[in-house]
Structures are given as structure tokens and as C-alpha cells.
Amino acid sequence: MASRRMETKPVITCLKTLLIIYSFVFWITGVILLAVGVWGKLTLGTYISLIAENSTNAPYVLIGTGTTIVVFGLFGCFATCRGSPWMLKLYAMFLSLVFLAELVAGISGFVFRHEIKDTFLRTYTDAMQNYNGNDERSRAVDHVQRSLSCCGVQNYTNWSSSPYFLDHGIPPSCCMNETDCNPLDLHNLTVAATKVNQKGCYDLVTSFMETNMGIIAGVAFGIAFSQLIGMLLACCLSRFITANQYEMV
């Protein structure tokens, strides 16, 4: 029995070293997921506010998952150093839950990436029709038009069918140079053509969102499958320690 323990001790030490390294990398991925989630919310938040509410889950899932991973990454290091079989099993169980959560995040990002065009066309058109220049959705429209240098859905003439145009003309956020735009110019589509951005926001926004949601989904899928390695290491180490009644000092 003693000789068997001596033979398995190097294996356990090797598994312990690998799992500590993995747990540290796991902790780093948690920080990355948290950062990507916050970045997605802050960078894409204005654009997402124009989309249906059920499409806003991916950044929050990443933030929540990233925060939890940071905590359990530290727990994994502690469990490995202690050499506690039940802690290692709990760690492996958590990794399996993280694996499923990240798959959900990745799938939601992938689905959102392919559904965005129809959803954005409908909601952005609705936001233009109800534009008043003051509410949250109106400010979101202004932000999109200013930041992407675009105007309207397909082009600036789309504004002529909105109630806002009758009283105020095209919104100043469409102007190439707002100091060079005046209300009279914005009421006249012919004159406005020389003052406002010509490109519509639809193609620019959908391209921007598809690219960045693809990044979020790709990161989630990549990190999710890395959890399988940690699950295998934690289960193997727990099994070796239990079978050989090995205690780490």
C-alpha cells in the first residue's frame, strides 16, 4: 500500500500543478468575460436600446458569468491546494454549470446576430416615427446618427414621413456639421441633401452589431469548451486522492 502511494504521489502532484495553472487561467477568462460583457453593454448599449428587450441578455449573461468565474477560479485554487475531494467535486460541478451557461450566452449571441436585421429595421423605423428629440429612444437615434454619420433608415429622405419632420424638419443629428445647419435648411429636402449625411443607418448599424455580437459569441464558445479540461482535471485529482487516501499538507 505504501509503495502504491509513493507511485501515485507524482501523479497527484502533477495533476495538482496542472489544475492550479488551469484555475489561474480560468480566473483570467472570468476577468475577460466580465470585461467583454461590460464593453458590450457600454459600447452596444445605445444600439441595443433600439432593439427588442429580449435581445439584451447576452451582455448581462457575460457579466454575471464572468463575475462568478472570478470567484470560483479562486475557489478552485484553494480546493486544489487543500486537496479536498469534496471541494474538487464541487469545483468540477461548477465548471459543468459554467460550461452550460456560456453555451447559452454564445447561442443567444449567435441567434441575435442573425435576427438583428429584421428586428432593427422594424424598431428603428418605429423610433423615427415616434421621434420627439427628448425621450430615451430619440436620444438613442441621435447618438446612432452622430456616431455613425448616417441619417434615416435607408437615407435622409425617410424622415419626411415622420410627424417630427412636419414641425422641425430633419433632426440636427443628421447634419455633417451641426453649426452649418439651420431649421429652414432641414425643412427643405433639396437643400438638406447638401447639409446632412447621405448614408442610411440601417446597413451601418446592422454591420456594426453583427460584427461585435459575433465577437461576443465567439469568445463565449471558446471559453466554454475550455471548461471541459478543468472538469477532467478536477475529477481525476479527486478520484486519485480518494482512492489512495492521500492528504495534502
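Each Cβ is built from the backbone N, Cα and C atoms, and glycine gets one as well.
Because the structure is a prediction, the values reported are computed rather than measured.
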Check for me whether Swiss-Prot puts CYS77 and ASP185 on a single side of the membrane. no
Go ahead and report the DSSP secondary structure tallies for the topological domain 'Cytoplasmic' (76-86): helix first, then strand, then coil. 9 helix, 0 strand, 2 coil
Between ASN155 (N-linked glycosylation site) and ASN177 (N-linked glycosylation site), find the distance joining the two CA atoms and give it rounded to the nearest Å. 17
Relative to the Cβ of ASN188 (N-linked glycosylation site), which residues of the same chain, six or more apart in sequence, are found under 8 Å away? GLY169
Candidates ASN155, ASN177: member of the glycosylation sites with the richest Cβ shell (10 Å): ASN155
Could you state the whole-number distance in Å separating the C-alpha atoms of ASN158 (N-linked glycosylation site) and ASN177 (N-linked glycosylation site)? 20
